[in-house]
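Engineer: Following this message is one structure expressed as structure tokens.
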């Protein structure tokens, strides 16, 4: 078994959709980034790539490439899942934590879990998504951005 960790951060911006875990969440502002800026899926992707020692999302999906401009991060996570399989691994578990003050994401967690599981072709019971605030501290507390942390376990096929 191998363990990976992923962390991602994006600032909020006016005129952007808030996409988290592949879910379009109603919000007056969204996250800024080269892709759809899905902070949760980026952290999960990095955790999986790290566990397999396959680099990170910046290596596989550079923000200098027009190919990935505004791309749906579920497409990226599916690619990571296929890359793991190609290299002889399968996902055992994904545990992810979202850090943001608002909006509350509890109503969307089940959909996020299903999206991650579907992208990785695993059972939803193997995916955990949680959220917390930053207690009004720092850039997250000031609602300037959001972050996500993810830990995963993979094993050889």
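Cβ atoms are placed via backbone N, Cα and C, with glycine included.
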Engineer: Have a look through 118, 142 and flag the one Swiss-Prot assigns to the 4-CDP-2-C-methyl-D-erythritol 2-phosphate site that 8, 9, 10, 34, 35, 56, 57, 58, 132, 133, 134, 135 belong to.
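Structural biologist: According to Swiss-Prot, the candidate sharing the 4-CDP-2-C-methyl-D-erythritol 2-phosphate site with 8, 9, 10, 34, 35, 56, 57, 58, 132, 133, 134, 135 is 142.
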Engineer: Taking the Cβ of each of the binding-site residues and counting other Cβ atoms inside 10 Å, which one has the highest number: 35, 132?
Structural biologist: 35
Engineer: For the 4-CDP-2-C-methyl-D-erythritol 2-phosphate site as recorded (8, 9, 10, 34, 35, 56, 57, 58, 132, 133, 134, 135, 142), determine the largest distance between any two Cα atoms, in Å, rounded to the nearest integer.
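Structural biologist: 30 Å is the greatest Cα spacing among the residues binding 4-CDP-2-C-methyl-D-erythritol 2-phosphate.
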Engineer: Considering Cα atoms only, can you say which of 34, 57, 133 is the nearest neighbour of residue 8 (divalent metal cation binding site) among these recorded positions?
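Structural biologist: Going through 34, 57, 133 one by one, the closest to residue 8 (divalent metal cation binding site) is 57.
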Engineer: Quick one: Cα separation, residue 42 (divalent metal cation binding site) versus residue 134 (4-CDP-2-C-methyl-D-erythritol 2-phosphate binding site), in Å?
Structural biologist: 20
